[in-house]
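Q: Structure in C-alpha cells, see below.
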Amino acid sequence: MSQPEFLPIQWKSTFLSLLDQRVLPGKKEFLQIQTMEETIVAIREMAVRGAPAIAITGIFGITLGAKKKSGNSNPVDVDSLIKQVFESRPTAVNLSFALKEAKKRVEGVSHWDSIAKVWESYALEMMVQDLKANQTLGKNGADLFPKNQNEFHIITHCNTGALATAGHGTALGVIRSLRDQGKKVVVYADETRPFLQGSRLTAFEMMEEGIECYIITDGMSGWLMNHRKIDAVLVGCDRVATNGDTANKIGTYNLAIVAYEHKVPFYVCATKDSFDLKLKTGDEIPIEMRKESEVTQFDFLKNEEGNFLFPEGKTSPIGARALNPSFDITKAKFIKNFITELGCFVPEEISFRLKNV
C-alpha cells in the first residue's frame, strides 16, 4: 500500500518553503525563501539538492526575482536572472533545460508581472510532471525485478528519493514501487561522503516509511556483495551523455566497478530531462568542485547555535588539503539499464529513445 511522502518544496504564492536538508535528520526545518538571491544560496549550500528538485527550485527562484521587479522588462535583465540561477550548480542538466524553457516561454512578454506569472505557472507544472514521471519510472523499474521473488536486497548511493525530487523519487521511487507491490525490500544505503546524503537522508526517508535499511560506508560494497546476496544497485544521476556515460554523486563510479566485478546489475534511474544529447561522452560533462572544508571538517554540520560540530583540527589536521569533486563519471559499459518514465533501455538505445522526446 502506498505510503505518505515528503513535500520538500512548497510554493506559498509569495515565498518558497524549502525543507532544509542540511539539518536532517536532526530536525525538520523549513526555510522561507523570499528572494532569488536566497534561492541561489539554498541551491549552492545544498539546503535543497537532487537534480529535479534543483531545477524546480531554480524556476521558483527566477519567479521570485521577477516578482521583485516592476514595469517593462528587457532581454538583458531576463538573461541576468537566468544566468545567476544557472551558475548556482552547473553539473545537473535539469536546471539548464528548465531555465532554457523558462526563457523561451517569456519571449515577447514585456512586463515583469506577466513574466512572473508565466514562470510561476511553469514551476508548478514542473512539480506535477516530475511527480508523475517519477511514479511511472518507479513502476517501470519495479517491473524489472522477478515477479516470483518476494524479497530484494538493494544498494543505493546518495539520496534519490522524495527529498531530491517533487515526490516519490527516482532510485528510491523504484524501491517504493516494489514496496507498494507487496515486496519486502532491504536497502543498503551508502553513507555518501562527504555530505552524507545516504546516511542522513536516504536512511531518514526509509525509516520514516518503515522500509528496512542499513547504512554502509562507501568502501563496504565489495564486502557486502561477497557476504550477502545483492539483487541490484540503484542510483540516480545528474547528467547522461549520448553514449551512456553518467555523472552522479562522487563514489558512484567506484560502486559501479564493484557491482560489475560481482555481476550485480547496476541500474541508473533518471527522468528524460537528465539526458543531454548534445554531449557525446562523459568527458564533456562539467564537474563541480566544492569546498575542501566539507571533507576536512564536515562544515555543513552545525549545532543548534550554528557552530561547527567538527571544528578545524577535529577530523583532519589543521591545514590539511582535500579534493572535493561533487560528481564522477560512470562509464556506460558498467550500466545494465537506464530506468526512465519512457521505459527501460540499455545505453546503446539512448539516441533512439530520446531523439524525438
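Heads up, the Cβ atoms here are built off N, Cα and C, so glycines get one too.
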Q: Pick the one from ARG89, ARG176, ARG290 that Swiss-Prot also lists for the substrate site with ARG49, GLY50, ALA51, GLN197, ASN248, LYS249.
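A: Candidate listed by Swiss-Prot for the same site: ARG89.
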Q: Could you round the CA separation between ARG89 (substrate binding site) and ASP238 (active site, proton donor) to a whole angstrom and send it over?
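A: Cα of ARG89 (substrate binding site) to Cα of ASP238 (active site, proton donor) measures 11 Å after rounding.
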Q: Sort LYS249 (substrate binding site) into helix, strand or coil using the DSSP assignment.
A: strand
Q: Looking only at Cβ atoms, how many others are within 10 Å of the one on GLN197 (substrate binding site)?
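A: Here the count is 29.
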Q: If you count Cβ atoms within 10 Å of the Cβ of GLY50 (substrate binding site), leaving out that atom itself, what do you get?
A: 30
